[in-house]
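Heads up, the thing below is written out as structure tokens.
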């Protein structure tokens, strides 16, 4: 049994904690919360609560939340820490983990040089195999790697152009925006290009990113110059080999991200999450050697299977065994939405 502690219980941390808790080979030692808020209270129903340091214990107990110990205590009872703290804190936290000689997994908001490797389950699982520290790439990069890996494997990629329409913030965040604007990234390519190269062997990658006033999902418009010829049916066949890709169609009333997330809620998974990357089949076109498609990304959850697989990769568990266990436990099945042509 792999003992795992979760440092940070926000959008990603709480989902990793749940996903880890339903694995038959992972035990959640506890979670670290910094503030004794409603989320800490709810978490205490399912997990041992730890705090960053001794100074926080009384604050939590004054709010009626029992504290098991501090981060130091959690590290002593864990084989691996999943660091889901706010962006940028990982560089400080890794010093603590190294001092305690505990393995750690970081999130995509950290710089790529924070660990021994960056991680995507499909494309480079073994680069983190039995390592000490790895970083699960961001929600956008995870989505791109997941749908491009089959294409790269089967047909090769000469050139890649991606326009990323990013959600402004997550549904529970009242601090960020924009609210009534579209905000373009002024860097070209956006940081997603270099991030993608940390998990896929690609050279010519060009990305443009824009923030839109929505909280539901990201949307990517993708153009791939293939090395080898392929037909649309060939591309579909490649994607259908991978459970974490879901093929949907506009004619089934998937007109927008609103309907996709409505479908996800109806699946009755934890928190109404959609772990798979949804590709509109209607959008897939091949002209000469250029492949075009549009995909939607549930930014709150697509990296969760990756975090579970990263735990097993650091622990020396086989790639295919891990992916199969993760998919089965989270009810990830992918394929064509209605299960037939």
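Cβ coordinates come from backbone N, Cα and C, glycine included.
According to its DSSP assignment, residue 139 (active site, nucleophile) is helical. Positions annotated as active site, nucleophile by Swiss-Prot, on the basis of sequence analysis: 139.
Sequence-distant neighbours of residue 12 (NAD(+) binding site) (same chain, 6+ apart, CB under 8 A from its CB) are 84, 107, 300, 303, 304, 307. The NAD(+) binding site feature in Swiss-Prot is assigned to 11, 12, 109, 167, 299.
Cβ neighbours within 10 Å of residue 169 (D-glyceraldehyde 3-phosphate binding site), excluding its own Cβ and spanning all shown chains: 19. For 138, 139, 140, 169, 192, 193, the entry in Swiss-Prot reads D-glyceraldehyde 3-phosphate binding site.
Annotated pair residue 139 (active site, nucleophile) and residue 167 (NAD(+) binding site), C-alpha to C-alpha distance, rounded: 11 Å.
Of the listed recorded positions, namely 139, 193, the sparsest Cβ surroundings within 10 Å are found at 193. Excluding 11, 12, 109, 167, 299, which define the NAD(+) site, the same chain contributes 138, 139, 170, 300, 303 within 8 Å (Cβ to the Cβ centroid), listed in sequence order.
Cα separation, residue 140 (D-glyceraldehyde 3-phosphate binding site) to residue 109 (NAD(+) binding site), rounded: 11 Å.
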